[in-house]
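For 114-234, 248-411, 434-592, 611-735, 746-868, the entry in TrEMBL reads domain 'CUB'. For C810-C827, the entry in TrEMBL reads disulfide bond. The transmembrane segment feature in TrEMBL is assigned to 935-960.
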Amino acid sequence: MFRQQFDRERIVDIVIGKSIITKKLCKVFHIEITLGRFGVTYKIEYRMYSILVCSFRFDAHIRSQDFNDLLNAVHTSTTTTMSSNLLVLNPMEFEHEFQDPLHKSLDIVETQYLSFNMSQYGSDGGVFSSPNFPHNYPQDAIIFYQFVASTNYRVVIEIDFFEIRGVSPQCTHDYLDVFINLTDFNLVNDQLLHRFCGRNKPPLLISITNLLLLGFFTEDMQTERGFNGSFRFIPAQRYKENLIREPCDYIFDSSKSKRGEFFSPTYPGTYLPWQFCNYSFVGQSNERVHIRFRDLMLFKTPNAQHCAIDLIRLYDNTLRPIELERFLSSFKQTSPVDGGLLSEQSDSQHITDLCGTYSMPLDVYSTKSSLLFYFITTHYAELTNEEQSQLNEASMPSLWRKGFYAEYEFLSTLTTLDFIPRNQTNQYLSGTECDQTIKSFGKGHGILQSPNWPNFYKPQTSCSTYLLGIDDRYGLENVEIEFEQFDIDCQLAIFVIYNASRIHDYHLQSHPSYSFVNSTLVSKEKSFNNYYQQEVDFKENLTFCGHFKPEGRFVSQNSLLKLSFIPKTRPANNLLPSLVNGGKFQAKYRFIKSYHQLSKNKSQLINTGDCSLFYYQSRALNGKFQPPRSSDEDYFSNANCTFHFQILNSNFRLLISYDYFNIADNDVINCPSDNLTYTYRSHSLYKSYPYIYCGYRNYPPPYLTDHSVEQFRIHFRSNNDSETGLGFDGRYEFVNRTHPLFSSQCRTPFDPIIEIYDKEQSSGNLSSSGYPENVICEWSYRTKVDYQFKLDLTVVDLEGSKTKDPPQGCQSSVLKIFSEERIDELCGQQETISYIITKSNWFTVQFISFTRQTGELLKGFHLTWTIIRPKTTDPDYLDCQPRNETAFSIHRSLICDNYVHCQPYSNADELSTNCSQLLSTNSYLVSFPFLRQHYIFISIIILLIILTITVAILLIFFIIKTKNYLHQEKIRSSTKTYFTDINTHNLDDSTDVNLMKQTVTTV
């Protein structure tokens, strides 16, 4: 402790104990804080190094009771964590108003500086590490690693091992600070790249200048192994080519170089946060700019839809060099990113934004001769533990801030975009060489021509066309094309049609002709062909080349049809001149509604309300289906539409569900006007599903076919009144046992039937085990012939309702019970217990639960089943109601088991009189249900006990016999010893002889 005098004021410095030595690194800030309790205002000067508080200075008397309040206020104002290692640098004796003087020890840590100079190590560099590595580093350490390269060189750092105490990103204990953009080592105006700790190893580091600094700080507590790495020095010239202004403004001029490469300022090292780099490409008037990314990795939050943190933004721009210079000079040097600069480029010129990672190579093209390329970075964000675990589960690469590496070229050989009409239907896909989209907008037809038509393509041109039909709640369209001219040399290119099938008209000898009237396609007489009735074979791609056009028509599998003209390798120099042309084609296209009428008289106009649509598992495993709708968005009156679903084999089931449902009918029970019904073919016989559906949002429950269903049909009917609705949006999916809806937590529809017998188990329970989501469970039971099941629903507590007014249907969950001549659909809340008595010896319970629509606390379902028999004289069975001929009998093992199995007829099985009668009988197996049901198991246990006792007795007897035998052998051995002694000593004494005889006799 020491004393220091000041004029009129006492001044106290509060510092981080070991940071006082590095005070020159700290920036100065000023704030004023008023403590509300006393109304005292303190003017505070504090210094910070990066996010580390170096010191505080107060210019007023500090009362001891104010000290902690003031520190908390400083923490709140500076958003800086005030840890326990704060201490007073120059404590002093205070005026008499201080009741408790502050006495703190002075903690000074010597700072170490380690220098690694290229002049000493050469360009190959060397290695470095934390003190004592690979053992733990010391406490209370401040070490600066200074790497110095020669002019026009840069420093490269690779960390091999990293283990520092702390948790990223706070790093409140020990940490490593990294600086890659330095002008000197004073750190006055230099930007921190990042602070690293824990196991968050710094990625590859490359300096922007010839200097790089690592600052290693440790506390006076527990330490870990630290880090080690290597360094080297690389030339900086490749980063300065075409650079017109530091740090990263570049111009690439076609008149100087037609092709080259460029990269982010520190590629492949970690890029700096808060950067705005510009790469401007200026070509000749007949040229287009082609950018090919060879490597691209920018930070992006997983599952984010936009590039919110770091990005590459590309613009088509026609600025001349002078205007471009003026544009670049408008950049503000003091602000890394100025959002106002981006607004100078119109949205129509914006090509795309890039971030995250992509499959390489990635190509981008300008439409004309110029292109603007912005590389923008913001703060150094880090992934949360949950986001990182998502990446790990998806086996995706870690989002390291590596930057990008790309090649550029100015090309006059690229095709022009004049062949793409500038209208609402046809649109050029920005950034591509010559790709376009053609959208239907309900208008339905047109002519498609190759670029440069009627001349040949330019060689090596690669173009794709995407024809997009309507696919929404109001309609669904497929795409059909037919070639009129086709000439593509197979040595140079191929033409590919994706996800399509070739359609032949078997009824006509000539191609059908079409006329286009008022933008509506009308089929001429006998030209109608419903290709959905054919076994359409969709291919992933159909490839064509040659001088003859592909025959037939080609239809898309869904609402998208993709066509691509793909060149082969670049032509060799010795090819004939006639082969250097790419080729050409012309085709007509049309968009067709995905539903078609099967009219009796095909010469008549099609009734738009009729349709018959087929869905084959061989074409698509899932999709949507909807009724035809009018231009008013409602389904047609007098509609008759059938959706056919063909199941491939018994290993698959069809799953039907609905996203929307609105079939107009006031009677939601009988649905006499407009309705939806099901039929199915099983064992070559067609059967009707007993339920009918209609109403507003009265959703049909999810439907899963059983193993015997070969074809499933959905029938939509509407009457001729004017009351219609939007209809429905349905989903279908062909599923097998590997589908995620079939989990291991319950039995599935693919599991075998459970065979059960009354003497083994006469009753049991089934439940949903709570209310799980996204699961399908199915239990199937069967017992002996002439026996039946009684099912008691003790709990039904699901989403939806079929009884409320208005009903809600069963959109997300349903409990179905199948038995002979009966199917029950249940959802919502069941307040009274329901009893179901099957007509045969089997039943199936199916529970389907999708994603919950509400957050209600619901229980699911619970069901008790009991094997019953019609009235019988079998003594093992109890007649539940002797005077009622319709009643049933239950097995006597169920008597007095605390559950009334005879309900709803009686409670005879739980009457005390029946229980006492059983107790008086000699058969304990009958008296006690547990013994009766498990007599085989109990008998086996009794036999095992008897066998164990028998073995134990035999073992004891054997041990006793063995012990006696050993005792006798010992006696014989003693007798022989006596005889030997007598012979040896020639004992003639008669007394001894008598004794020997007596001994022998005894033995």
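Glycine is treated like the rest: Cβ placed from N, Cα and C.
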Long-range Cβ environment of C827 (disulfide bond), under 8 Å and at least 6 residues apart: P701, V796, L798, E799, G800, S801, K802, G809, C810, S813, V814, L815
Cβ neighbour count within 10 Å of C810 (disulfide bond): 24
Overall pLDDT of the domain 'CUB' (114-234), taken as the mean: 90
Helix-strand-coil residue split for the domain 'CUB' (746-868), DSSP-based: 0 helix, 62 strand, 61 coil
Per-state residue totals over the domain 'CUB' (611-735) - DSSP helix, strand, coil: 0 helix, 70 strand, 55 coil
